[in-house]
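A.B. asks: Mind looking over this structure? Questions follow.
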Amino acid sequence: MVPAKPRVLYWFRTDLRLHDSPALKAALDLKPECLYPIWCWDPHYVYRARVGPNRWQYLLDCQSDLSASITKLNPKSKLFVLREAPQTVLAKLFKAWKISHLVFEKDTDAYARQRDEDVIKQAEEAGVEVIVKMGRTLYDPDELVKANGGKPTMSITQVQHAAEKLDEVAKPVPTPESLPDPGNASLDFEHTPPSPKPDFNDIQRIDMESSYTHLAGPEGDFGVPTLSELGLKPATTQHRGGETLALRALDEIISNKTYTATFAKPATAPTAFDPQSTTLLSPHHHFGSLSVRLFYWRVMDVLKEYKGKQSTIPTNLIGQLLFRDMYFGAQTALGYSFAQTHGNSHCRFIPWHLPSKVDPSNGLVTGDHHIDSPEAETWFDRWKWGKTGFPWIDALMRQLRQEGWIHHLGRHAVACFLTRGGCYIDWERGAEVFEEWLIDHEVSCNSGNWQWLSCTAFYSQFYRCYSPIAFPKKTDAKGDFVRHFCPELKDYPEKFIYEPWKAPVADQKKAGCLIKGDGQETEDGGMKVYPKPMFDFNARRSICLDAMKSAYHINLYGDNLKVKDGTWRELFPDSAEGPTEGKSAKDAINGEETGKKTRPKRGEEASGDMGVDQDEGEAAEVGGETKGGDQEGKSPGKRKRKGQGTLDAHFGGKRTKK
C-alpha cells in the first residue's frame, strides 16, 4: 500500500518571509499533498506582552505582505490567521485537517520555548511529526551556548570563539517558486477564546478588544486582524513592515558599497532623522521579514570585493549581527531570569528606585513595581513622556513614542539618564517602556541593552555617562533634531537649544516659549511652555556614581540569597540612594512602599572624568563584564579590561588618579 502524502501545517511565527526560510524549505521537501500556512493569534502577545500600536501595525504589515506573496505563488492559498492560542488550537487542527507534519522555525525566547514544548508534546500525542529548523539568528543559540561551555554569551569575543567551533553561517536557501494547495480548512470544532486578564496593553486601547470573537475572523476568511479589532489607537509611525519592503531596503543598502563596507555604528549620527543614519533593518529582523543570513552573506560579498579601508568587528554591520546573537545566547542560557535582575546570575544587583515586584511562588517579576519614592515615580513619568526639561532626552523619547524607533546611541543616552546617570531608577522600568514602544523590540536584545547601559551586565564602566547637553552637540550643534521633536523650542537660539532654561526671559518670549513648570502645562497666556529641568544633572550624576560605587563594592548578583530574601538591605546604609528601608524578604518581594525620599551619603572620592562633557564612547563595543570579572574591593575604574581601555581615546579630559 502506497503511504499517503504528508499533510503539512506550516506555523509562521518569527519568519514572516518566503526567502531564505530553512523551515519552509523543510516543509516543501516533504512533497506534501497539502500545505497550510498558518499564524496563531497568540494571546500572550495580545495581552501579556507590552506592545504598542506602532509595533502591531508593523506586524500586520508583515502578515499582509506575506499573505499576498503566498497568494501570488498559489491563488488558492494565503496566510491563514487563526484567532486562538496555539496551545489550544493546534491540537484541534491536527485532527480536523488530518495533519501529518507540523513545521516551524525555532524560537529560543523563554516564553516561546515553553509554548513550543507544550505544542510538541501535543503533536507527539496526536501522532504528528514535528520538524523544527533554525533561521532566526546566524547561529543556533543552543549550539552557541553549548560551544561556550554551557554558559551565557556575555561578549562578542565569546560569540566569536564559540562560533569557531560551529559550522560557518549557513548560506541562504532559495525562495520557493510554487506552493502546494491548502486542504479543506473547515473549522468543525469548538472555539476557545482566551482570558483577556491581565491585559498589559489596556493603556493602548481606545475601544474593546475583539480579535478573538471569531476563530477565522469577522469575515470568516482567516484574514489578518486590524488595529480596530484590537481596540488600539492608530499607529503614528511612518516605518512600514513586510518582506517586499525589506528586500528593497536591503538592495538599496548593498548597492552603496562604500556605506556597507565602512559602516561603523558608533560613528553614525544619533541626531539624524530624515533619513536616519543606520540601516533600520532591525524591525525586519525581529519579525523575520528579512533573513539575517541573507543580510550577512550579502554584506560579506561586499566586504570580500571592497578594495578600500573597511570597518571591522564589532562596530561594522557583521558585528551588529553578532551582538544580536550574543544577546540571544545569553537569554537562551538564562531563560526567564535574563529579562530581570531577581534570580539572574549574571546581572549585578543595584538597589534602584522603583524596583519590580516579584512573585514569590516562581521568582518572576509581576509587571508591577514598588513606589519607594514618589519623586522617582514623577521622574519616571516625565522621562517616559518626554518632559524632563532636558531637550535632547525629551526629543528622543518623543521620537520613540511617535516612530517606534530611535538610533542606538539615542537609546543609550536615555537609558543612562534613567538609570546610573541621573534618575537611579530600575532598568526594568525603562525596558518595559521600550518593550511597549519599539517596533524592533526583542526580549533578548532589549533586556541585554538595558543591562549594558545600566552597567549591571556586559559593561562595567559606570562612571562614563552621556551628557544630555554636550553629547548631541557633537553631531547636531544647531539642534535640528530637538527643534523637530520638541517644536515648542524650534525658535530658540542655537546657544540655548540644549539648555533653554539658561535663556533670559526676554529671549524666551521672543522664541515664543517660556521655560517653567514640570510639564503639566503646555501654554501660558497664549505662549508655549517647556518644563524646567527636573533636577540638576551634575548633582544627580554625582549622587548616582557614589551609589553605583557602593553597589559595586558590595558586589551582589541577582541570584544571591541576600537578594532573593531581602536581607541585602543590611549591607546598604539607609542613607544610600535607592529603596534601602526594611530588612525582610516581605519588604523585598511584597512589602509596603514607604514613600520616603532617601539621599545618599556623599562619598569623598570622585573620579576625575565626571565632567559634563563626557559621554560613553563605543570604540570597544565588545562588553565582556561577566560575574567575577572585577577584582573584589577595587573600583572598576582602576582596572581596564581588554577592549575597554581604548574608550579613553574618545574623551578630552584625563581621569584623576585616586
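Cβ coordinates are placed from backbone N, Cα and C, and glycine is handled just like the others.
TrEMBL labels come from automatic prediction, so no person has curated them.
The following feature annotations were taken from TrEMBL:
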- 6-138: domain 'Photolyase/cryptochrome alpha/beta' (DOMAIN)
- 171-200: region 'Disordered' (REGION)
- 278-282, 320-336: FAD binding site (BINDING)
- 572-658: region 'Disordered' (REGION)
- 593-605: compositional bias 'Basic and acidic residues' (COMPBIAS)
A.B. asks: At a 10 Å cut-off from the C-beta of LEU281 (FAD binding site), count the other C-beta atoms across all protein chains.
C.D. replies: 19
A.B. asks: Go ahead and report the DSSP secondary structure tallies for the domain 'Photolyase/cryptochrome alpha/beta' (6-138): helix first, then strand, then coil.
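C.D. replies: Counts, helix then strand then coil: 62 helix, 25 strand, 46 coil.
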A.B. asks: Starting from the Cβ of ARG324 (FAD binding site), draw a 10 Å sphere and report how many other Cβ atoms land inside it.
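C.D. replies: Taking all protein chains shown, ARG324 (FAD binding site) has 22 Cβ neighbours within 10 Å.
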A.B. asks: Please list residues from the chain of TYR327 (FAD binding site) whose Cβ is under 8 angstroms from its Cβ, counting only those at least six apart in sequence.
C.D. replies: GLU442, SER444, CYS445, SER447, GLY448, ASN449
A.B. asks: For the region 'Disordered' (171-200), what does DSSP give as the number of helix, strand and coil residues?
C.D. replies: 0 helix, 0 strand, 30 coil
A.B. asks: For the binding-site residues LEU321, ALA330, which Cβ has the most other Cβ atoms within 10 Å, all shown protein chains included?
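C.D. replies: Top count of Cβ atoms within 10 Å goes to ALA330.
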A.B. asks: Once the chains shown are all counted, how many other Cβ atoms turn up within 10 Å of the Cβ of THR278 (FAD binding site)?
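C.D. replies: Taking all protein chains shown, THR278 (FAD binding site) has 20 Cβ neighbours within 10 Å.
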